Amino acid sequence: MSTLGMIRQHGKRGHISWREINVNIELEHKISKQIKGLSNLSFECLLMACDSESGKKALSVDSTIAFPVVLYQGQWMIANAVKKAKESKWLASHHQGYDDQIPIVAHSISDFLALLLPPGCPLLLTNQGNMDAFSSSFLSPLLPLKLISPAVTTPRSISTPHVNVSSVRIEERPPASIPRTTTTTTTKAPPQPPKTQPPPPASNTLPKRIASPSVGAKKRVEPKLSTFIFNTFDNIINNFIDPPIRPSVDPRHVLSHNFAPVDELPPTECEVIQGSLPPCLDGAYIRNGPNPQYLPRGPYHLFDGDGMLHSIRISKGQATLCSRYVKTYKYSIENEMGSPVLPNVFSGFNGLTAAATRGALSAVRVLTGEFNPANGIGLANTSLALFGNRLYALGESDLPYSIRLTPNGDIETLGRHDFDGKLFMSMTAHPKTDTDTGEAFAFRYGPMPPFLTYFYFDANGNKQPDVPIFSMSRPSFLHDFAITKKYAIFADIQIGMNPMEMIFGGGSPVGTDPAKVPRIGVIPRYAKDESEIRWFDIPGFNLIHAINAWDEDDGNAIVMLAPNILSVEHTLERMDLVHALVEKVRIDLRTGLVTRHPLSTRNLDFAVLNPAYLAKKNKYVYAAVGDPMPKISGVVKLDVSRGDRQECTVASRMYGPGCFGGEPFFVAKEPGNPEADEDDGYVVSYVHNENTGESRFLVMDAKSPNLDIVAAAKLPRRVPYGFHGLFVRESDINKL
């Protein structure tokens, strides 16, 4: 049955029930000569359809319903804005359908899609079906789009080679049944919303391709009166008090191109289009990253999105992709209420007025019981960690969230984990796991003393007592750290809490202090208190990510590898202006002498190594090439054993024009073989082609001088750019 036939069939039923019709339409079209360079247009949309009479009665609206949004050339735009920006006509010819068989001429994408709908059918467009139009009020300054009734009143089925509907699925919206959690000890899985379809029993029965999945689709919730009032005040703040003026917090800029969010994807088979997946990759590569559940209604920073895990499960040369939100308390409560509730931390408190108004509104929401901050406000969107036979999704503003992988490749959130009540505050998103001992080392930082607290977990995952560091005299942005076999190493950098800039400059509460001298703190790895910590001034050294560190000279010296962030003042506002210079820093603990030198002049960050060499002297590092950050244009291999002032790049792989990836990850061929070479393995990463809209999973030979691609899997849909990932072997998955 054609798309039009399926829509009309459901629209004529006696009862009114909204249906989601997920349509992936590839429009092979001819465009008039005024538009050049757009020979192929691919877009995904969500059509919300019902019949005319009952639909209007149920909605109690006239012809204006919402602010339809389309993803056009990677930009969020109102459909009318598309028409206004492109005065030329969209031309799509066909040979069957209407009696006169003349070409269909549509003045906008929405006009063209309207031709697929019956007369009077409401039309709502969003990106890939996961953006709720109710949360699109940040676009309110723009003109709303009228609901479109097709110009042709006689319904016909359109069957043409120029419009290829590759997949259609119609399903009921399931009721949300997520309870509000009030305790922090959550080691068991909370009740999940009813699945819209059961997971396939075996990988060989997985669908080959899903056009625009909406598994776990959100119920359209009728808001309570109090919620409606709060959202109205929130809209006033977002539109008049603190609108997203700066590009760094404008969602139309931040969420453009492949930073745009996607919906959840059930386990879906991938096509291996080049080479074959090596047996040592049996397991799962999982990458975390921000993916806002709702289209932001106000300022939005790249770091503010809800955590989504993109996992490619590999078994016997076959690959399965799955994308799932981390079901944090924030995600669950907002999913239940049908709209954002918590303000964005990185973008919602820029300036005293914005901070005061959003803070007051949040306080009222807490007092009325809309959410309980004691259950966590974190996003779990940064990284993953495996220790104590548990897999965690991490974000440094909250406790870890325990997750597991099912046999068919799905991802389940088990709950917020507080380690038997011993971890009652936040934890870094970059714990360090010593593969020799099984221990994991971590810390937390905050705006109140102690500004830094160090702790670790034993091999069984039991948390050990806190070690507060009071010698850090003011709050600092400590995103990462390093360990050796003897020490833990912290960086007190020029980024920290900056309340004066927020009050008088209208900036973020997190800012830079140019007058501050960065320093490195070294504390014994198993310290019971901070009495033995030593601080060393290192002017101009601002560490965001640490690569590795090790002991030298019988423990009397330490060496650390880390990218030094130049122009650190742009870290949060203008990442495209940041240059990360990988440096080797050596500290003589007897004399206090600090020496440092660069390893490469390129803009490199998100660097990794063979995990077996963590806290030990390593030779090779694999780093992402910023072009500029946060986009990654390739990966390079560094030989850090080379002498001072030598370019250490020994291999590289650039992804090509319009192709960008993320953090690489090294997977050893024989992880249990002590005789294996350090670089005997593979470098893996997700890579997206912005020219074709296609994403791939690449496997590169870590030993080869060009990091040769030995295997590539075409993903069933694009994977947005994100943050940090982890490879989990099948043997470890079975222990979760």
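The backbone N, Cα and C atoms fix where each Cβ goes, glycine too.
Given the structure is predicted, the values throughout are model-derived calculations rather than measurements.
Quick look at what TrEMBL lists:
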BINDING   His430, His479, His545, His724  Fe cation binding site
COMPBIAS  190-202  compositional bias 'Pro residues'
REGION    159-218  region 'Disordered'
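Cβ contacts within 10 Å of His479 (Fe cation binding site), excluding its own Cβ and spanning all protein chains shown: 19. Cβ contacts within 10 Å of His545 (Fe cation binding site), excluding its own Cβ and spanning all protein chains shown: 20. Other than the site residues His430, His479, His545, His724, same-chain residues with C-beta atoms no more than 8 angstroms from the centre of those residues' C-beta atoms, the Fe cation site, are Thr382, Ser383, Ala429, Asp480, Ile544, Ala546. Around His724 (Fe cation binding site), taking its Cβ as the centre, 22 other Cβ atoms fall within 10 Å, counting all chains.
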